[in-house]
Amino acid sequence: MAATVYQRLHSVAVGVGSAAGSAIGSGSASLPGSGTGSGSGIGHAGNTSSSTSSALLSHSQLTRSLERILEEAHFSGELILTNRKLKDFPRTGTKYSLTDTVIADLSRNRFAELPEEVTTFAFLETLLLYHNTIRSIPESVKQLSSLTYLDLRSNQLSSLPREICFLPLQVLLVSNNRLTSLPDELGRLDQTLTDLDASYNQLANLPARLGELRSLRSLSLRSNHLLYLPRELTCLSLISLDVSNNKIASLPLEIRHMSTLVELQLENNPLTSPPASLCMRGLVHVFKFLETQATKDEKGSRSGGNYDGYTTLRRAPRHNSSGNVLEASTTGSTNNQRRHQVDSGYNTSDGLDKRWSHDAPTKSKTDSPLHCVSNSTAATLPRTLPSAVHSQADLMDASLTSSTSTIVDESLTLSPTASPCKLSYAHSNSSSNGSSPDQDDDIMLDHQERTVHHANGRSGKGLGNIQTYKEYKEALKQQRNQEISVYKQKHPNANHSPNDDEDLSPSPPSISNGSSSNTLPKSIMKQNSNQIGHNGNGNGSANGNGVDDVVIPKKPIQKVIPSRITEIKPASTSDIRSANSSDCLGYVKPQSPMKNGTSKFNTSNGGGVQTTVGIVSSTTIKSPVSSTTKLGTVKTHRSVTWNHDIPAEKLSFTMRREFDRQREETELMSQLRTIIETRLKMTLPVDIASALTDGVILCHLANYVRPRSVASIHVPSPGVNKLTMARCRRNVDNFLEACRRIGVDENLICCAADVLEGKGAVQVAITVGELFRLHGNGGCGSGNSSGAATPTKSPTRTTRATMSPTPLA
């Protein structure tokens, strides 16, 4: 009986073994765990127990499943070979065709490289290869022209081939590998790639072209060796950014402009800017910190460029098609866009554009819609000066009415082949009938900051450096110490008529630095079309009935006040043919004196600057102009009457007022420092304005004058040593309100921006000085507390009037 059962089991085992052998021989002989000797192995199992035969049955079932999977992939286009411990791709032979496979899942196997068979799937869109031992990817991967999803997580890749960057990938997952860098060609995926996961690698830096991935929305760089984030990264439109578990110490300030960012992971980084404690609060707090830091850096860059707290930075000049520099303020309506501010923070001119720093804008007159001189007129300029002195023409249209005048900086570009033209300027001051103008001498300007480089027969114009406010103050000191006069006046020629041609030889300039080139600053006064006709009604003629009234500044410094000019000397030039064409009149802004400059001209206040001032030609105006004609200013609602009765000794009034203002500012800042350090028993840094921006010290000062005048003061916490902008504003508002309640005059109270922006330290000093003056008069504090504040009233009002942006009469 037992022998019969044994024979039956043996026959079943042999049958199974032969079936398995035939299945393997049909195309699966290379699969791991199977072989051609399976039949003999099963035959040997006939001598074992029944449990061995059941294991062989399960292995036979697995073999059938692999064949079934290949068959399903042949019909459906989905190849699922996950978790089969495969080291090689199964050979399908000619029985199954997988070239039209769309999805291939080869994850959780033992592939050492991407199988070559997979790279032949031209229609493959999704390829999953995670949890393998892949060390390399063949170059043939570029044949997968339809691949959009590639998962290479948890492999052993040390680098990615550049061919991957030529695929239309939308999702690229390469986390948990050994990558030390990403391919530089990653920017080629800018149109398609939306998700990039390179976490848990060994990346020390990121490719520069990463910022070109404009379609990228999710970027994970967790657990790498990154020391910083490149600025190119901030150009992306990311929604999620994960840079946690790296070595990043600071974030780029530009990251605050990533408006699309929703999720930002920064934990486990040695961050100092922003602090790690602040990063835990969320994205909004990080962006606020970076915004504040950027504002402070901008202020620091201004101070590093020798700009004081009142300096107004100007736009960089832009170039037109002809290569000339165009001032940004000359575009559009010049009446509305003319700037009235000056760099020192106050304005003492009567609307004319006189600034501490000269931008020296140059502009082709043919490109300007406001220019009234034709090319034929400009061609008549004589070229008689020697080639050692290169000058640029200042052209100015005389203005009769203040409501229609404007000033445009402009220069005359000389032809490269033409020799430099001789510029002789005529000062015309017509009488009531416009028939007897006088004549004055020409004055040459040796400009120390703008030169014209001449080489190989070509002359080029160089843009001078911007003269800062500090340099201007140094120039004033030099001018005060020098005893050389600036101008020399000649007797007028009463027999000169506006249309006479008379040669006036300019005085030779003294070039201290040995330069063979010289450039003159440009300024053109334009007149509105309703005052001067351009089509015949206002053109100049030989027998015109009027001449222009042109005022030439007689001061060697930049700030020129028309009412301080003593007299106006008319003159004309013979070098300009203006009989049948309308020309423009111009003047040159005086510049700061040079250290070694010498002059042949004398005036009462002295100085070392040489100035060339004059008029190219005169334009005929219909109505006669008297010597007291009001010239138009930039502000159309103001008019200025020229005063010719001021004595010459008062010409230095502006300079004296400048010194007085500087002295008063120094006294006010010293007084502010003394008040704070003596009352609050603390030491202030050199930059007082930055120490007052949070308003804490000012609130304590208000409470010192009147206890509990500021009920609550926001102070920085130990973890975060700086207040938010909202709390700083609240402190400053509380201080200003306390000043009003104590009785400080509203006109002497600074505004919140003076404190928060750190630009109005003088206004803050005025407010604090007035506060303690009231404190001393009221007897609220100690007797000696008002000692430093008593002299505040007079200089305070004087300084505020001087600092006012409205022009002084």
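Note that the numbers count up from 1, one per residue, in the order the chain is shown.
Any Cβ shown, glycine's included, is placed from N, Cα and C.
Residues or ranges marked as compositional bias 'Gly residues' by Swiss-Prot: 34-44.
Under the heading compositional bias 'Polar residues', Swiss-Prot lists 319-336 (among others).
According to Swiss-Prot, the feature compositional bias 'Basic and acidic residues' maps to 351-368.
According to Swiss-Prot, the compositional bias 'Polar residues' annotation covers 518-532 (among others).
As annotated by Swiss-Prot, compositional bias 'Polar residues' applies to 788-809 (among others).
Feature annotation from Swiss-Prot assigns domain 'Calponin-homology (CH)' to 662-776; the stated evidence is sequence analysis.
Annotation source Swiss-Prot lists region 'Disordered' at 27-53 (among others).
Summarising the annotation, Swiss-Prot assigns region 'Disordered' to 295-373 (among others).
Summarising the annotation, Swiss-Prot assigns region 'Disordered' to 423-442 (among others).
The region 'Disordered' annotation in Swiss-Prot covers 490-550 (among others).
Taken from Swiss-Prot, the feature region 'Disordered' applies to 783-809 (among others).
Under the heading repeat 'LRR 1', Swiss-Prot lists 72-96, citing sequence analysis as support.
Per-residue pLDDT, averaged over the repeat 'LRR 2' (98-121), rounds to 90. Taken from Swiss-Prot, the feature repeat 'LRR 2' applies to 98-121.
Taken from Swiss-Prot, the feature repeat 'LRR 3' covers 122-144. Away from its own ends, the repeat 'LRR 3' (122-144) comes close to residues 77, 82, 99-114, 116, 150-158, 160-161, 163-164, 166-167, 173 of its chain (Cβ-Cβ under 8 Å, at least six residues beyond either end).
Long-range Cβ contacts of the repeat 'LRR 4' (145-168) within its own chain (Cβ-Cβ under 8 Å, at least 6 residues beyond either end) map to 107, 122-139, 174-189, 192, 197. The annotation repeat 'LRR 4' is assigned in Swiss-Prot to 145-168.
Swiss-Prot lists 170-189 with the feature repeat 'LRR 5', giving sequence analysis as the kind of evidence. Distant neighbours of the repeat 'LRR 5' (170-189): 130, 148-162, 164, 195-213, 215, 220; these residues of the same chain sit at least 6 beyond its ends, with a Cβ under 8 Å from one of its Cβ atoms.
Per-class residue totals from DSSP over the repeat 'LRR 1' (72-96), listed helix then strand then coil: 5 helix, 3 strand, 17 coil.
For the repeat 'LRR 6' (191-213), the number of residues in each DSSP class (helix H, G, I; strand E, B; coil) is 5 helix, 3 strand, 15 coil.
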